[in-house]
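First comes the structure, then the notes that go with it.
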Amino acid sequence: MDPSAWAICCLLGSLLFHVGIPSPGPSPSVPRLRLSYRDLLSTNRSAIFLGPRGSLDLQVMYLDEYRDRLFLGSRDALYSLRLDQAWPDPREVLWLPQPGQKVECVRKGKDPLTECANFVRVLQPHNRTHLLACGTGAFQPICTFITVGHRGEHVLRLDASSVENGRGRCPHEPSRPFASTFVGGELYTGLTADFLGREAMIFRSGGPRPALRSDSDQSLLHEPRFVMAARIPDNSDRDDDKVYFFFSETVPSPDGGPGHVTISRVGRVCVNDAGGQRVLVNKWSTFLKARLVCSVPGPGGAETHFDQLEDVFLLWPKAGKSLEVYALFSTVSAVFQGFAVCVYHMVDIWEVFNGPFAHRDGPQHQWGPYGGKVPFPRPGVCPSKMTAQPGRPFGSTKDYPDEVLQFVRDHPLMFQPVRPRRGRPVLVKTHLAQRLRQIVVDRVEAEDGTYDVIFLGTDSGSVLKVIALQGGGLTEPEEVVLEELQVFKVPTPITEMEISVKRQTLYVGSPLGVARLQLHQCETYGSACAECCLARDPYCAWDGTACARYRPSSGKRRFRRQDIRHGNPAVQCLGQGQSQNKAASGLMTRVFGTEHNSTFLECLPKSPQAAVRWFLQRPGDKGTDQVKTDERVVQTAQGLLFRRLSRHDAGNYTCTTLEHGFSQTVVRFALEVIAAVQLDSLFLRESRLEEPSAWGSLASASPKTWYKDILQLTGFANLPRVDEYCERVWCRGVGERSGSFRGKGKQAKGKSWAGLELGKKMKSRVLAEHNRTPREVEAT
């Protein structure tokens, strides 16, 4: 059967199924480019490692750029992957629970598949040849050292004889949130250290000094959910270094009311903390915490708070600048689901910790600033050169007076909260189909400034690439979603993300596996200057011939075209290879439609962020008018749908897009409307000349309502009937008669009744009817 004839017969059904929903206006939060799992693989932008058994059960990921290795901790195994290759030679070491641990775990009521295994949750660098690894050990945590060799060697070995108890260094459960970092040969962890998951603490172990832990007082930690831990120096004095913990707490209502609320915190301890001599023995004597606020200001002073901390990324600066903390938050409200990204300067965090302490007289009282005398040395400070005074040396926290230790025990909370830069989030996402789980940031130098590119991992296996424009007269940050990348084939939550600026690569981890993803692929945006400029990707610029990687030190400076802030190709791309686009926009596709029938004109812009507009030039008119839509003429996301075509709809249609003030033509159609009377006459004449048959009598019984029959037949359950109806009544006959679907009026995608040159074919068809081959007999 002629493909054009089949497309004509089944067009109406596909229209009803696929284009019946009106198109909403473009949203600034819609990704400008969406790339599927297949797209990423076919363009070599990503590579996937699923392990030898098809699924990793990944728990932790450690990127070691010194050794050019990526280390993975999973269920009962560890892996080493080389960064300079597409995972061709992975190394695996099995690490099963100790004998009897799994049996005991099952006996205690835990799940043998999802809990009673050794889930590796800690991978930290110990020295130049070894990593410290800790696993859940079937609810009996264990730790050991892993030999990884020197730089250039691809070695991965586990010494089973060195396995030791990991309690306090690794949680019992594979799903329990926790954070860890390795500083000076010691492991700092924030976790719940008991079997039942109730004993929350911050723990230090593994070095020559005695282990240190949080006091059991509930005022320190209330059901914490640890997210991240890192050593952050306050100044050049190494004795003043601190380890910062980022976490959320569920605490009693701060105003003394009933119920509990979730609050995000930043806490810190001194690296040289040794505990107290008589008070807080073997306990933290420098622990302080402050609230992290991420909220959107509203009318009347009301604020919408994002209180659940999801992930934290530290953006280390160049010399002379302050460290910036990017934090991803979510709402805890049952009313709506929202996410926000707030940015904090470390200098602002330091100011809060140097400010007033919080105090209240009782559980039913509100918090206020402490107004009494603060002892010396100031509670929470590290013993260092800054605290030493003549005649009163404090070389260790054990030398601190008891009143200092008692004060820090009673007042661990700071009164002032830490507020984000500019007082509001740089990015807010609400009513998403997926949850945001991970965040990493890359600071990129572009032609018109420096931009922070934010990569957000979701719980559906995709990564959003976003920039937030600030300043330049903007009262609020402008969100620009550059790409949505479907990294994994099936939906799976992204639980780990690491970025290599040196390799311009993002490493994405999920329970399914690990993906290596290039940060950019500029040629994907298109082959024209306007398309490259409209992408607004700081990584990419038009170099005069193609959309290519922007390099600040490139010698082709005068040829580069890039406008991240405004995305205006009208200025940037003047005379830069737009002739090809103009030639394409001048092409006119001829489309035929039948009066009172449905017809569809397809227009698919490259950018979902562009506003689509349709213009009509009627026969005899010199100017064009914008198409007015109503119940009969509907503009959808795929094009323009005429539900019931009229003779007045004939004319030249132009589909244009408008994006950042730049308009361009996508496609043009010349729509010709065939009168219903003319088509009815054709069917009536054919039915009289045909041999009698059941299908022939059906066609001639109601020649004026044939299109209504097709509409009634459309539907998934009736597709075989549509096929048979088209085949026997119309499609095969038309395909065999005089090549009436051949010629210059060819069927375009989604166009009905293309190629019916009725005026030219009518006479020849009538003269040749007596020589026509019967429909049910093949020609010889």
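Residue positions begin at 1 at the first shown residue.
Using the three backbone atoms N, Cα and C, a Cβ is placed for every residue, glycine included.
These features come from Swiss-Prot:
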DISULFID  Cys105-Cys116  disulfide bond
DISULFID  Cys134-Cys143  disulfide bond
DISULFID  Cys270-Cys382  disulfide bond
DISULFID  Cys294-Cys342  disulfide bond
DISULFID  Cys522-Cys540  disulfide bond
DISULFID  Cys603-Cys655  disulfide bond
DOMAIN    32-519  domain 'Sema'
DOMAIN    569-671  domain 'Ig-like C2-type'
CARBOHYD  Asn44  N-linked glycosylation site
CARBOHYD  Asn127  N-linked glycosylation site
CARBOHYD  Asn652  N-linked glycosylation site
SIGNAL    1-22  signal peptide
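A helical conformation is recorded for Cys522 (disulfide bond) in the three-state DSSP classification. If you compare Cα positions, Cys116 (disulfide bond) sits closest to Asn44 out of the recorded positions Asn44, Cys522, Asn652. Comparing Cβ neighbour counts within 10 Å across the disulfide-bonded residues Cys134, Cys294, Cys382, the minimum falls on Cys382. Cys105 (disulfide bond) falls within a helical segment according to DSSP. Residues of the domain 'Ig-like C2-type' (569-671) grouped by DSSP class, helix first, strand second and coil last, total 14 helix, 46 strand, 43 coil. Between Cys540 (disulfide bond) and Asn44 (N-linked glycosylation site), the C-alpha separation comes to 18 Å. Local packing around the Cβ, expressed as the count of other Cβ atoms within 10 angstroms, is greatest for Cys342 among the disulfide-bonded residues Cys270, Cys342, Cys522, Cys603, Cys655. Comparing CA positions across the recorded positions Asn127, Cys143, Asn652, Cys655, the one lying closest to Cys382 (disulfide bond) turns out to be Asn127. When the alpha carbons of Cys105 (disulfide bond) and Cys294 (disulfide bond) are compared, the span between them is 41 angstrom.
When the disulfide-bonded residues Cys134, Cys294, Cys522 are compared by Cα distance to Asn127 (N-linked glycosylation site), the shortest distance belongs to Cys134. Per Cα geometry, Cys522 is the residue among the disulfide-bonded residues Cys134, Cys294, Cys522, Cys655 nearest to Asn44 (N-linked glycosylation site).
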